[in-house]
Amino acid sequence: GRGGGGPAGGPPAAPPGSDTYKGWLFKWTNYLKGYQRRWFVLSNGLLSYYRTQAEMAHTCRGTINLSTAHIDTEDSCNIVLSNGGRTYHLKANSEVERQRWVTALELAKAKAIRMRNNQSDDSGDEEPASQSDKSELHGPLKTLSSKLEDLSTCNELIAKHGAALQRSLSELENLRLPADSGEKIKAVNERATLFRITSNAMINACRDFLDLAESHSRKWQRLLQHEREQRIRLEETIEQLAKQHNSLERACRGAPGLASGTASISSTTKGDVQSAKGEASDEDEETEYFDAMEDAPAFITVTADPKHHRRSGSNVSGASEGHPEDWNLDDSVFESSNQSSYNESMGKDLLPRKRRRSRIPDKPNYSLNLWSIMKNCIGKELSKIPMPVNFNEPLSMLQRLTEDLEYHELLDKAVKCESSTEQMCFVAAFSVSSYSTTVHRTAKPFNPLLGETYELDRLEELGFRSLCEQVSHHPPAAAHHVYSRRGWTLWQDITISSKFRGKYLSIMPLGAIHLEFHSSGNHYVWRKVTSTVHNIIVGKLWIDQSGEIEIVNHKSKDKCQLKFTPYSYFSRDVPRKVTGVVSDAEGKAHYVMSGTWDEKMECSKIVHSSHGSTSTEGKQKTVYQTLSPKVLWRKYPLPENAENMYFFSELALTLNEPEERVAPTDSRLRPDQRLMESGRWDEANVEKQRLEEKQRAVRRRREAEAVEALEEGEDYEGYIPLWFERKVDAVTGELICVYKGGYWEAKDKQDWSVCPDIF
């Protein structure tokens, strides 16, 4: 075999006896690549390797701790290092070179073991510690010594006065006193002796305790210093890994061979490449992989010419065919008009739109280290982490939910569709459009207070009115209801579950979204996908959406399967890709959906489908012949200067605009959010803490009432939402909050007596 060292295997950079030993070796990677030349560095009991010497400045490919490693030699040139589940198979250039490395490794291992043992050895020299550490350790000892001196002084006084007392009692015994008096004096003398013995024992016990504390003080100091060093080393390691991750990401994005392709083939593959000796290749340790989605349809689309299309004589089982001429029947519906700006009127029956604000104060340039706050929150629920407003945007979660209506005109067009499958296409495009506002929105919305509401009354301008209410605080849950006079109603009860995983943050919306069209009675239900915020530690924050959405029409049983492909460095797919198929109750596919969740969605009518080749998983791909795609939805351009206004869309800029006659619990009236929007972040942080403490006090009072009711044997209902009520959904069977009415009537009367004082 080929060996390591030098240009082709030269001498190492340092003799085996030194603290640092460097050189080239060949490392086994996998069956495809075999042994690969790597630069190895042995230092401080750790063996690390790099692809090149230049990588030492920024990217370490792997490290193994020699203090717990096993060193073995297979033949004249091979070295095997194993530590737990990690094994390195190395090959040197010659037997002499192999022996040099083995000697260096053995010496480094012995030194690492010795250093580890010294850390727990009481007789070792005292480790250097900071002045604050010494004062923390020696302070209690000084206090104990002072108290012991006080006790010793008291002991001397007790001994002195006790001896005098005994002499006096002895003199009394020698006097001629009545017999009963002598007995009493003798008893007092015995008690005084016992008292002196007891006090001496107490002093001796205190002295023994101090001696023990002094003998262990050095060990305590070393252990404390060791733990602090371990914590600092862990933080530095995590930060270094994050920097390497960011460097790798930039390198991959800049690589010409990884440019995004434009192929229209969508298939799911899954496979594992095992390395030779049963371990995974360390070269891929920093790459994050996602499993292929089991139920995602594997298909290939081929555009057909409608003028020359005719049914072929295929006898492939499962083939289905549509009529291309049908594609032109509903062009008036499918022709997208969302090329027009957001501010253009959408209907002749509506009043002209009210002039609303088009900008907010620029975001202040406050610097704050997110990692310094988040490192203590790994694995915790995000809603329970106290966060300053520096990481927020001046909108609440209720307003973010309302942003789902930015492209409500898709539902207005869906009302006009006569075919339920065509209508499903618009519903699918609407479900994807709600993610377009998140592509640059990495800031966290405000957690609503319990009982907080938000209304968006655009009935006269856009034909709909929306109401949200925070119906639960832990877990955080919001109920949302939208009525449109154009023929549809939407409602949802969403609970946000989120976890911080160190390198990324996962946000999982739980709950179903319901959409019902008044004239047809079509009732659609779907759920949101998982959102992931990457580069929490270091680097530029970015958001990805991944998972599947299944939209079901519970009246006609039509379905649409949408797959959100997670971003991968090495994928040739278009980033943020979304694909799907619309099928009827019999499973026949009618339309193919394709696009990206941050730009546009297209719909292609299927004219013929057949089973094609088999994928690597054994699944059979379906080949769809389609007509030319039509754009159903395209994202509105962001306003000018959006990067300084939290990347808000034109709708988002208006959501927190002050309005009259809203409920006193409306998010627009929340003081900390208003202060943050004005750029007064320090005041906003103070106000945020006041509101959260006020909410905690209300919760404690409610818990006390629950305990009191339980002790008295009475039922306690807990918090009751103001405008929503909990019911079992007839479609999903889940307990959800649905609008019970009364809000808009209360607004007309300006009767807000039922609203609590939450601000």
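Here, residue 1 is simply the first one shown, and the rest follow in order.
In case you wondered, yes, glycine gets a Cβ from its N, Cα and C as well.
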>> Can you identify, from 224-251, 616-643, 672-699, the stretch that TrEMBL calls coiled coil?
In response: 224-251
> Any idea what the model's mean pLDDT is for the coiled coil (224-251)?
Replying inline: 75
> How many of the residues that make up the domain 'PH' (18-110) does DSSP mark as helix, as strand and as coil?
Replying inline: 24 helix, 45 strand, 24 coil
